[in-house]
């Protein structure tokens, strides 16, 4: 493997000194970019794009050509694991992800197998290998997975949900079934992320998009406990470097102290918490990633720059901050504003 | 007006001694009740039900016939004000509320008038008068409104939203326009709630369903500041009793201390925060209302009773707690489980 030319992102996640604040953007390879929309049209469906390693590599590289980003992230979907378990993932136009065969009972959960990532999810590890080769040490590559709880919400609901009645109904009425499902998912996520690391991912992130819909106790028992289990089962070194792990629970700002105790290296933050308050609460335990409201990008270069400066000032001059949005970039953002964002982070993040 | 036979709800909101914990349920008059579905079918559309004072009274009373609830809540919708402003509210089947004429610019905002509640919203105050007569002092009647920010989200987006790109885009790119809109809405909500109080509402609640999508600073400036303005403009006494005001920001658990300083009497809580922690944070300043996860009602009587007991024990024996769900009751809940809930609250809430 070639030497990493820009390791600012990995250094910040490990709280090592950096020259300036690193930045990447959740969903940086996405629909706001015309070149992405062209690749997507060429591929056919969204899943055709995910399952073709060359096209997945192509779209992963696109934002790096436009912007001075400090990390690449594997282009994939969080629902690859349930799909590999046989639930039949498809995307209804304008309706988001759906499963042909949702899981609603203990009997159905018992039948689920743990996918072998180098078999059923080979297209993902192939994409990681292809992207690493293409990156040639330019910036690190992030691998990722959905959290067990987040995957379970889609598997039980059969798709996106507003009120999570089915999955939380199962949690409250049949907690044993829910724990069996989450156990299988935690095992699957662990081997999936380890396969991504073996294939070349230099950092990994677990997206707990729906953990914030739980109570404090059910969050601890049904989401955080399984993320902790995954963290403890991950390969933490590759190419002679530590592989940092980031946990991100959207809407989880109330539980940062608990998340920081899982053994992870960093926490992703949504925009509802001020970065200085988050930092005070987690202390030196973890680095922080975030946390600009994606909607600021609808605004002007002046407002974007001012907001970036405010966030960086809140964190302060020590290392341990990776700039990002608090959630994925929206489809209708002007790509020019992303350039303003990335350059502002590097400008205002400079260490004296 | 006849004497109030059960004033436990009003007493708890004012932290006066109670014999047991009072309870009402958000959306207690709703689709989970077969008798509601029958009234709804008779009325025609959802808005036909809201705009007919006799039918609105009929459905308001239905849950009181089934359950030993300690308050009635006016049957209406939060979007009556923007509808009265001329935006053309309608409900697309399965898609939630929509506006025919969303508001997207300063020019459109300037044209908006502040509705006279006894004119354009007469059907609401008529419903309040009809319900008060029908209640005949059985339990107090709650009036309500959406918060300015929450109303603005629907008015700018044109309906429900996932990422609030349009309304938050306006907030960041044209804050003056957003403040003008919120100013008009705060004025409208104040006179609307005062008209409900004059017509007979004995407590009022402001639903800030989407305040939790903001950053701390924008929450303070664009949602909380306007709720505070409303609180300070409300009639606070009727029938020789104080009219308590409750603020509820869904997803706002991080900001309880700030909400408690607005001069309101109580805060509504979603289920993401433990009641003892919320109580420790707001101290004696306000009463608390909540906060069971609505999904617990999908479970068994045993689990419901155990959860109720846990929540009541967390609050402790002093007054100042109104039991409720952390959000509206879901459509597919078994009505029998609501009886279990209500009776459990009165049983476990008994003061020695």
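In case you wondered, yes, glycine gets a Cβ from its N, Cα and C as well.
Straight from TrEMBL, the features:
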- A:22-31: domain 'Uroporphyrinogen decarboxylase (URO-D)' (DOMAIN)
- A:27, A:28, A:29, A:30, A:31, A:77, A:154, A:209, A:327: substrate binding site (BINDING)
- A:77: site 'Transition state stabilizer' (SITE)
- A:142-158: domain 'Uroporphyrinogen decarboxylase (URO-D)' (DOMAIN)
Legend entry - Distant-in-sequence neighbours of the domain 'Uroporphyrinogen decarboxylase (URO-D)' (A:142-158), which means Cβ under 8 A and at least six residues beyond its ends: 24, 71-74, 76, 78-79, 81-82, 85, 87, 97-99, 102-104, 128, 164, 166-167, 170, 178, 181-182, 185-186, 189, 192-193, 196-197, 201-211, 213-214, 222-223, 226-227, 230, 247, 249
Legend entry - Reported mean pLDDT - the domain 'Uroporphyrinogen decarboxylase (URO-D)' (A:22-31): 97
Legend entry - Helix-strand-coil residue split for the domain 'Uroporphyrinogen decarboxylase (URO-D)' (A:22-31), DSSP-based: 0 helix, 1 strand, 9 coil
Legend entry - Pairwise Cα distance for residue A:29 (substrate binding site)/residue A:77 (site 'Transition state stabilizer') [Å, integer]: 12
Legend entry - residue A:29 (substrate binding site): tally of other CB atoms within 10 A of its CB: 24
Legend entry - For substrate, whose listed binding residues are A:27, A:28, A:29, A:30, A:31, A:77, A:154, A:209, A:327, the greatest C-alpha pairwise distance in Å: 23
Inset, instruction - Work out, from DSSP, the number of helix, strand and coil residues along the domain 'Uroporphyrinogen decarboxylase (URO-D)' (A:142-158). - result: 10 helix, 5 strand, 2 coil
Inset, instruction - List the Cα distance (Å, whole number) between residue A:327 (substrate binding site) and residue A:77 (site 'Transition state stabilizer'). - result: 15
Legend entry - Alpha-carbon distance [residue A:77 (site 'Transition state stabilizer'); residue A:31 (substrate binding site)] in Å: 14
Legend entry - Set of same-chain residues at least 6 away whose C-beta sits under 8 angstroms from residue A:77 (site 'Transition state stabilizer'): A:46, A:47, A:50, A:89, A:97
Legend entry - Fewest-neighbour residue among binding-site residues, criterion Cβ within 10 Å, set A:27, A:31, A:327: A:31
